[in-house]
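What follows is a single structure, written as structure tokens, with notes after it.
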Amino acid sequence: MHHIGESMTSREAVDNEQEILLKNENSGTDDEPKINYRGWKVMPFIIGNEIFEKLGAIGTLSNLLVYLTTVFNLENITATNIINIFNGSTNFATIIGAFCSDTYFGRYKTLGFCTVASFLVYYFASCLNHYVPFHLFPWVIQGLLVIQLTAAIEKLHPPHCEENTTCKGPTEGQMTFLKTGLGLLLIGAAGIRPCNLAFGADQFNPNTDSGKKGINSFFNWYFFTFTIAQMISLTIIVYIQSNVSWAVGLGIPAALMLLSSVIFFLGSNMYVKVKPSGSPLTSIVQVIVVAAKKRKLKLSEYLYPSLFNYLPPKSVNSKLPYTYQFRFLDKAAIMTPQDQLNPNGSAADPWSLCSMQQVEEVKCLLRVLPIWVSSILYFVVIVQQHTVVVFQALISDRRIGSSNFMIPAASYYVFLMITVAIWLPLYDRKVMPLFQKLTRRDSGITLLQRMGTGIFFSIISMLVSAKVERHRRNLALTEPLGIETRKGVISSMSGMWLIPQLALAGLAEAFMSVAQVEFYYKQFPENMRSMAGSLYYCGHAGSSYLSTLLISTVHQITARSATGNWLPEDLNKGRLDNFYCIIAAIEVVNLGYFLICSQWYRYKGTDSSSTELEKLTQQSERTANGV
């Protein structure tokens, strides 16, 4: 009990010091510039930039799988793994861009740099100086131009593969050139992807009702416009690439990326530009290190009010209430006689004493991680609908009715996007207001409930995919239409049968992805919101790598089995339907895991946490009075 008395005395001194600091801060607020939140007025610039950026990037990447197998003459498994590894690396790189944004540059500068910063790649300048002035273009545009050149210049890709001939694969130099273009795209995406959403949400005042509603709607409308951009890429641009010219079809995205840069800077004078507040990772590491140092102290002797609780006066982070979860971290805030305080109330040595605010911020991150793991498993479904479905479409009847017009194989993914585009405005304008009345919450149903619904639809999507593939394969073996070079006989099944599985996957995305981005944004500390955006993309990255591992493992194991390879070059000789069933089973397990995590999860700053804190404080006061 002596320890409690000492700690509470120190705590009272800190509280008094903080009150003085807060008064001083409030008295000086008149001298600080007032933040002018323009909200929806600046959205045309932010969302416009996003639309043209996505038109450019997706216009190249959406049809890249077909490009690798038809122009670079790569095998299906090789091309699929390259796409998955590239997507995974690109999405994982966002964590670096997010760290630089939150720590050093801020979201505005990071977006500006990755969109327009110029750099002369000397190797390409020396090789292609008379083709393209690379020093005039930003990272992403350089990447798009490099990929476009692999189509425009004959020496940068293998010769065309004729029917009934041995196809010549790409040389080492050709693959190196292509991978370099993908690498330049990676650099641009590393900064653009994690910052765009958070930068848009920064334009709304989070302290007003209209601002909060604006943020909720922003995520839905952001994904809606993003979906429209994908639809245009998957139809018009993919059609030009597949039926007109790869060189022209890959050149259009580069021009769109340049337009994206111009639109972004037109709104520069109106943006709210949140300044970086230093490395948020340092505070996280400090909590872990100090908790480890003080692991032998007994936490039961130190109740919450006796723990060190300091919040910097001008901190961008909101005050977090105490939570019971991960209580072993609370030891980092135990004040010992050796711990000293600065005159302003902060810890003299932050590697020996951390505040409860720091501890609660780390708890926020730890609570999110199990949910994030579930998202990795979920995105495996979307990866298949974006890659393997293309190969299914290539050997299906892609004609529309009795006409000779054929839908490009890579364009079938647009049906997933159409579902998202239809559902999101419907949900925002009709469904959410209904849920708001029923639940009396601003968000309608909770974010975790929306995410769980998305996982459920992903299971149905995989089961339908297995059923459709079984039907396509049977018709290919009994009623073939013709032969696709290097792919096998074409099934007489209409490609329209692929729409139901894609529509179900679209519903899954509409529920899961939008809710997931909003979930990370709201549950992370304010100074880590770019990192929150990167976590969404890191989930995509993990699923890309996991999908690569899953495909390679199934391919290798079944190739040695008596029943034959499930994923051969000719899908008509395989059992892709069984592969889909395996993924469906994984998602069933994932849904159970997600429900357990959701039951355990506590939202940041919820009323229940505040109630627990109030009870704990009252208990501590009674104990202190007893002393």
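Each residue, glycine too, has its Cβ placed from N, Cα and C.
The transmembrane segment annotation in TrEMBL covers 108-125, 221-240, 246-267, 365-385, 405-426, 447-466, 502-521, 579-601.
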Stretch in 365-385, 405-426, 447-466, 579-601 most in contact with the transmembrane segment (221-240), if contact is a CB pair under 8 A: 405-426
Residue numbers, six or more beyond the limits of the transmembrane segment (447-466), whose CB comes under 8 Å of its CB atoms: 371, 374-375, 378, 381-382, 384-385, 389, 500-502, 504-505, 507-516, 518-519, 522, 577-578, 580-581, 583-584, 587-588, 590-591, 594-595, 598, 601
Cβ-Cβ under 8 Å with the transmembrane segment (405-426): same-chain residues at least 6 beyond its ends: 62-63, 65-66, 220-221, 223-224, 227-228, 230-231, 234-235, 238-239, 241-243, 385-386, 389-391, 393-394, 398-399, 495, 498-499, 502-503, 505-507, 509-510, 514
Long-range environment of the transmembrane segment (365-385) - Cβ separation under 8 angstroms, sequence gap at least 6: 84, 87, 284, 325-326, 413, 416, 448, 451, 454-455, 458, 461-462, 465, 501-502, 505, 508-509, 512, 516, 519-520, 523-524, 528, 535-536, 538-540, 542-544, 546-547, 550, 580, 583, 586-587, 590, 593-594, 597-598, 600-602
